[in-house]
Amino acid sequence: MRVLPATLLVGAATAAAPPFQQILGLPKKSADTLAKPLHDLQEQLKTLSGEARHLWDEVASHFPNNMDHNPVFSLPKKHTRRPDSHWDHIVRGADVQSVWVAGASGEKEREIDGKLEAYDLRVKKTDPSALGIDPGVKQYTGYLDDNENDKHLFYWFFESRNDPKNDPVVLWLNGGPGCSSLTGLFLELGPSSINEKIKPIYNDFAWNSNASVIFLDQPVNVGYSYSGAAVSDTVAAGKDVYALLTLFFKQFPEYAKQDFHIAGESYAGHYIPVFASEILSHKKRNINLKSVLIGNGLTDGLTQYDYYRPMACGEGGYPAVLDESSCQSMDNALPRCKSMIESCYNTESSWICVPASIYCNNALLGPYQRTGQNVYDIRGKCEDSSNLCYKGMGYVSEYLNKREVREAVGAEVDGYESCNFDINRNFLFHGDWMKPYHRLVPGLLEQIPVLIYAGDADFICNWLGNKAWTEALEWPGQKEYAPLPLKDLVIEENEHKGKKIGQIKSHGNFTFMRLYGAGHMVPMDQPEASLEFFNRWLGGEWF
């Protein structure tokens, strides 16, 4: 069987994945490790229905030049685990689970829900002066360990610059799937960026200006995280996030009492509905979840894929990138694409969802990608294809690969990479890409506010598609929300008071924002506007 690389939604950006690695080039032991899953994949294909086999055959016939290699599976990252004596604190999940309290009826019950026995949290107070990143701000780094499954997730916590005793706590997630949230830290919204001299530069518009922020490298084998196993779908990753937050707030109860929010972008449009639902499913928890924020996310493919042609062909507020012939070819491909996504939604079967992802990405994203235009920002060309179009991403990777940086934060892997393409392919071949995670959003809206924001120059997760899926979503407030017009969003304070930074519509717990002049990474392109809406959202202005 031959398969095709999918388009990659990195947390901060999106690009075509590089060619697959030839498994014959791997060490013999690694090749043997891959043999069984590839054999199982071939065997499963033999059992498919005629319709499902036809979908796979059709994808191969439409894109013969790209269907060159079998999928690969992620290999363990080289690492050296630090001794327990290195860490200031180790929080044992088993200890948390052993705490019983009297319930409302007098019966004993666990103080905190969830299966946490296999998890530990390692914590180290990081010296800010060692790296020069936000000196004076309290920082913690460490790992969440799933000892049962050999998974180790890296996190980096920055306390609020303002009033950490009262300011909210935010978890930030980049996407991919398979891209490090440290990209968001140093390229977008963290306390420092990295310049061309590979030195940290203070960020005046950091999101920890009025909130404490946790940056989490997930799933495993992303960034500084590592494992001997692999995670290949969003649901599995959600269990780890719940464990991390539970143990972190157990160690630091002073933060647990604050409001907590989850924010992320791109493939976090998949992650966040699942992660938030996982948290809310535990009635006895120490996580004070108040809202979620999704920026330029992929959440409802069936609706969003309608809007690649309009965005590429001049209907999104920017000049057309494609000629009429290419626009027509995208129109011609759309009905088949939507039919395949509908089949994926109806079955949620990997054998249906995988070909839908491959066909639709190539038919509707391919024409744009072939122009060389930046898929994250319709206003310009891709400046550095080796770093997903952004030179700054290369600076971040070079910085995080420095030995002194890895030592300062307690990283245990031998090297850092911004995106792990094996993880991306694992999620793709598990069918995760097209699955209907938007169906979880109505359940969230019953309990917490949801913000969908989008930079209006992004192509890959464009504002047209994000606005459309929020309007198409079936929830009790749909009839009131959907027809609402967009209104001006302006800066309320400082010397730029009254400046228009975007548009907004909001009803009940649901809010959509269009941010002017920003691509896929809103905080990078429009830092002032980004911090403006972020602070006002956390302040509860729209809910």
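The backbone N, Cα and C atoms fix where each Cβ goes, glycine too.
Since this is a predicted model, take the numbers as computed values, not measurements.
Among the features that Swiss-Prot reports, active site is placed at S266 (among others). Cβ-based neighbour count (10 Å, all protein chains) for S266 (active site) stands at 32.
What Swiss-Prot lists as active site is D458 (among others). In the three-state DSSP scheme, D458 (active site) falls into the coil class.
Cβ neighbours within 10 Å of H520 (active site), excluding its own Cβ and spanning all shown chains: 32. H520 (active site) falls within neither a helix nor a strand when secondary structure is assigned with DSSP, and so counts as coil. Summarising the annotation, Swiss-Prot assigns active site to H520 (among others) and lists sequence analysis as the type of evidence.
According to its DSSP assignment, C179 (disulfide bond) is in a strand. What Swiss-Prot records for C179-C419 (among others) is disulfide bond, and it gives similarity to another entry as the kind of evidence.
Residues or ranges marked as disulfide bond in Swiss-Prot: C313-C327 (among others). If you draw a 10 Å sphere around the CB of C327 (disulfide bond), it holds 19 other CB atoms from the protein chains shown. Mapped onto three states, the DSSP output places C327 (disulfide bond) in helix.
For C337-C360 (among others), the entry in Swiss-Prot reads disulfide bond. Taking Cβ-Cβ distances under 8 Å and a sequence separation of 6 or more, the neighbours of C360 (disulfide bond) in its chain are G301, Y305, A333, C337, M340, I341, M434.
Contacts of C344 (disulfide bond) defined by a Cβ separation under 8 A and a same-chain sequence distance of 6+ are given as I352, C353, A356, G431, M434, K435, P436, in order along the sequence. Residues or ranges marked as disulfide bond by Swiss-Prot on the basis of similarity to another entry: C344-C353 (among others).
The feature disulfide bond is assigned by Swiss-Prot to C382-C389 (among others). Summarising the environment of C389 (disulfide bond), the number of other Cβ atoms within 10 Å of its Cβ, over all protein chains shown, is 24.
Long-range Cβ proximity for N210 (N-linked glycosylation site), meaning a same-chain Cβ under 8 A and a gap of 6 or more residues, is found for S160, R161, N162, D163, D167, N535, L538. Taken from Swiss-Prot, the feature N-linked glycosylation site applies to N210 (among others).
Annotation for N509 (N-linked glycosylation site): same-chain Cβ neighbours under 8 Å, separated by at least 6 residues, are L444, L445, E446, I448, P449, V450, G477, F543. Marked as N-linked glycosylation site by Swiss-Prot: N509 (among others).
Sequence annotations record features per position, and here Swiss-Prot assigns signal peptide to 1-17.
Between the CA atoms of D458 (active site) and H520 (active site) there is a gap of 5 Å.
Among the recorded positions C179, S266, C419, the residue whose Cα lies closest in space to that of C313 (disulfide bond) is S266. A simple way to gauge crowding: the CB of C353 (disulfide bond) has 27 other CB atoms within 10 angstroms, across all the protein chains here. DSSP assigns C337 (disulfide bond) to a helix in the three-state reduction. Here the CA atom of H520 (active site) lies 12 Å from the CA atom of C389 (disulfide bond).
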